[in-house]
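What Swiss-Prot lists as ATP binding site is K15, S174, D175, T216, G217, G218, I219, A220, T221, K222. The feature substrate binding site is assigned by Swiss-Prot to S55, D142, N154, with sequence analysis given as support.
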Amino acid sequence: MIEELINKSKKIVIKIGSNTLSNDNGTINKNFLKELSEQIIYLRDKGKQFVIVSSGARIAGVSTLGKWMRKEDMNYKQALCAIGQVELMDAYRRCFEPYNVFIAQMLLTRDDFSDAHRRLNIRNTLFTLVDEGVIPIINENDTVSVEEIRIGDNDTLAALTTNIWNADLLILFSDIDGIYDKNPKEHEDAILVENVMNIDELLEKIEVGDVNEFGTGGIATKIEAAKAVNDYGIPMILANGKKENILLKLLEGTEKATIFQAGK
């Protein structure tokens, strides 16, 4: 089922969460990025188009300037993101450069999606970049985002991007295999929910936990993202980005994940 869904999808948004992107010590997992770029290039050669929504600016900032890691002042947090965003994009650039593929940075806030003119500019830029073979890499603009204009998490940003680009599929990479009936890190008997037809019914049957360690989104935000794209008729896959060659394994049907089916 997953392989069929990916096979028939041309326009794919991939969201990479902080926990997926980071090593256990909090640094950027550059091996993951290298592996991901190889898989994306392979699928691009088969006619697929990609937009990436990537967390990780703060992680990259901490890796670069660790002495600010424990500072709680918002100014320092935003400054870390400003430093880290440069490092993050450089890591992506280095991964795609051997294939002569360019990347483009897009930093957005909620205001950009709320204003019709800005929203149109986002859409036009996305279409232009992708049509010209460039891979857009999107993140929230943390350096200017205060509470009033924050999108809040990149699961939501990925859903907004998916809808505005009219994508065929959203894939969220996290550090778990999908949605479970209860937290698999705390319960060995947790059962993976592989196919979700009705999100409201799902919520009656599962336990929704808290936010993750590095990022701002937990299972609740992933379910909200699924609902947002499903309402536009777009399916979503939640999969474990920590697994080796996960994108190709999903395509081959050799890894399990959760599919949120779009309503008919």
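Just so you know, glycine gets a Cβ as well, placed from its N, Cα and C.
Locations of recorded Swiss-Prot features on the structure.
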residue	record	Cβ within 10 Å
K15	ATP binding site	31
S55	substrate binding site	28
D142	substrate binding site	21
N154	substrate binding site	26
D175	ATP binding site	19
I219	ATP binding site	22
T221	ATP binding site	23
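In the three-state DSSP assignment, the secondary structure recorded for K15 (ATP binding site) is strand. For the pair T221 (ATP binding site) and N154 (substrate binding site), the Cα-Cα distance reads 9 Å. Taking the Cα atom of each, D175 (ATP binding site) and N154 (substrate binding site) are about 15 angstrom apart. For the pair I219 (ATP binding site) and S55 (substrate binding site), the C-alpha distance works out to 16 angstrom.
Among the binding-site residues S55, D142, N154, the ones whose Cα sits within 10 Å of the Cα of K15 (ATP binding site) are S55, N154. In the three-state DSSP scheme, I219 (ATP binding site) is classed as helix. Per the record's binding annotation for substrate, residues S55, D142, N154 show a top Cα-Cα distance of 11 Å.
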